[in-house]
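S.K.: Pulled these from TrEMBL:
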REPEAT    5-39  repeat 'PPR'
REPEAT    106-140  repeat 'PPR'
REPEAT    208-242  repeat 'PPR'
REPEAT    309-343  repeat 'PPR'
REPEAT    344-374  repeat 'PPR'
DOMAIN    524-616  domain 'DYW'
Amino acid sequence: MSQRNLVSWTAMVTGFSQNLHYFEAISTFCEMRIAGENPTQFAFSSVIKACASVGLVEFGEQIHCLALKFGFGSDIFVVSNLVDMYSKCGVMVNAYNVFQEMECKDEVLWTALIDGYAKNGPFEDALSAYKNMVKEGIGIDKFVLCSTLSACAALKALNFGTCLHSVMVKKGFELEISVGNALTDMYSKVGDMESASNVFGIDSDCRNIVACSSLIDGYVELDRMEDALSVYVRLRRQGIEPNEFTFSSLIKACSSQATLEQGTQLHAEVIKFNFDGNPFVSSVLVDMYGKCGLLDDSIQVFDEIENATEFAWNSMLSVFAQHGLGKDAIQLFNRMKNEGVEPNAITFVSLLRGCSHSGLVEEGLSFFKAMEKTYGVVPREEHYSCVIDLLGRAGQLKEAEDFINKMPFEPNAFGWCSFLGACKIHGDKERGKLAAEKLMQLEPENSGAPVLLSNIYAKEQQWEDVRTLRKMMQDFNVKKLPGYSWVDVGNKTHIFGVEDWSHPQMKAIYDKLDALSGQIKAAGYVPCTDSIPLDVDVSVKEKILQHHSERLAIAFALISIPSGKPIIVKKNLRVCSDCHSAIKYISKVIGRKIIVRDNSRFHHFSNGLCSCGDFW
């Protein structure tokens, strides 16, 4: 055009913005100003929308100033887009200030503010704004209802969400797909899966992947894995294709429950739907394989990620920490820095845990000191607890006590429990009593403190003190947490307790145990009866040790799992020193690798050795 006027410039800015060419809309607006044209409210609205879509809040602020200069500070279109821009960019203070300056507020303006609070918080402000909108008599549509439901989900405000559900039914919005998705998500996040399932089943059109993923995530959060998988099977039968959120939720559930069979099947589905390149899904797979004990598979998945995000790096670091591979964690951390990925608080928890389980005291302390000074990460309770654990495991109990005394706050339960466990391992009765008292003050119902202190007394053969502690536990109705071990064979989990006779194959299991006992004793195994805190004969103690839950699980695995498959046993308590020694000998005499995950870390037993190097 040889001559361009205000109309043609505005048409181009608006056209670019409406057709998602946001940077072109912004550059055309700038050219329009250079050409000397004064923008209309339509040009301002379009360029502000473009700024919101690409997150250019600083440029948006300049446009805001220009809009005020040209007298559009009270224009409803401009103001609505300004509130929307500040909301999408997370600057809720500015969004609220612009909103307040507008005298006549319509439903678009209210919706922009409520949606901003629902996405950025404070979520309570979204509910307050909705109430005020209703008081003002502003018309309620499905968009504002969905945004407010999102805030209810974040706050787990079931009653408020149920009231909104009633409004939706009253206004006839219930069969809208976006409303069905929002309701399913809200009920799922607050844990009301019956209502979520009812909403999900109202109309087949509402059963899209968004609602399915919300329902699956709700079941996963409640540890209802079978229900989550049944939803997945239903959506596949109905021809609905899963997305990255669906897989992330399901694989996360496999991680928390360490269900390898289901996790590997989901991995195959991930590859089938081409999500194996998705960084978030890959990160969850790294975590899943690590928590299921397959370290090599975890490393392989991580190495195949092209552009690893901080989630992937942290997942791999966490896996190394769980497996007690402190040196590998440090090497990975150095690679992470070289790749330009900034470490965060989660990164340092994994690093410190890895150092703790590998006896890398100097390295761990160095990382702790560098957190805030070098990386700007302020240490939190969990970091201080990791340092207590680091020093305690290494036997530096005085240094751990000095560290506790210099902390800016009292240690949490994990910190005191770590210190007490270290006192038990290294036989420090006085410091153990102090730690036990502190832990019992924080968690009086926790049986861990008196049990560990009882073990310290038993090691010193102070049986009167042991009896006093047990009497106290009876008086206060504190029950000792029973030890369990479990192993997956096929699609079934088999659980064992100490001297458990409930399993249908128990005769074969005990016969296998007796045979193993003879084999490992011939190979040099000597029972360590100090770990049994009972005043009974040594022969009785040996019998109890032989029938510990992890040994029963291993014996069952040996008669049930083919030699080509790994034996992976999980345990809810720390593996005792005698079982640790016995399993080393078992791995040697049978020539198979055995992986044991206790409540602290993984142990990889092979050819008479353990990956922990007898430091755990």
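Any Cβ shown, glycine's included, is placed from N, Cα and C.
Where the annotation comes from TrEMBL, it is an automatic prediction and has not been curated.
I'm curious about the neighbourhood of these features; can you describe it?
M.R.: Broken down with DSSP, the repeat 'PPR' (5-39) shows 26 helix, 0 strand, 9 coil.
For the repeat 'PPR' (106-140), the DSSP counts in helix, strand and coil order read 27 helix, 0 strand, 8 coil.
Taken through DSSP, the repeat 'PPR' (208-242) splits into 26 helix, 0 strand, 9 coil.
The average per-residue pLDDT of the prediction over the repeat 'PPR' (309-343) is 96, rounded to a whole number.
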S.K.: By DSSP assignment, list the helix, strand and coil residue numbers for the domain 'DYW' (524-616), in that order.
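M.R.: Helix (H, G, I), strand (E, B), coil: 38 helix, 16 strand, 39 coil.
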S.K.: Can you break down the repeat 'PPR' (344-374) into helix, strand and coil residue counts using DSSP?
M.R.: 28 helix, 0 strand, 3 coil
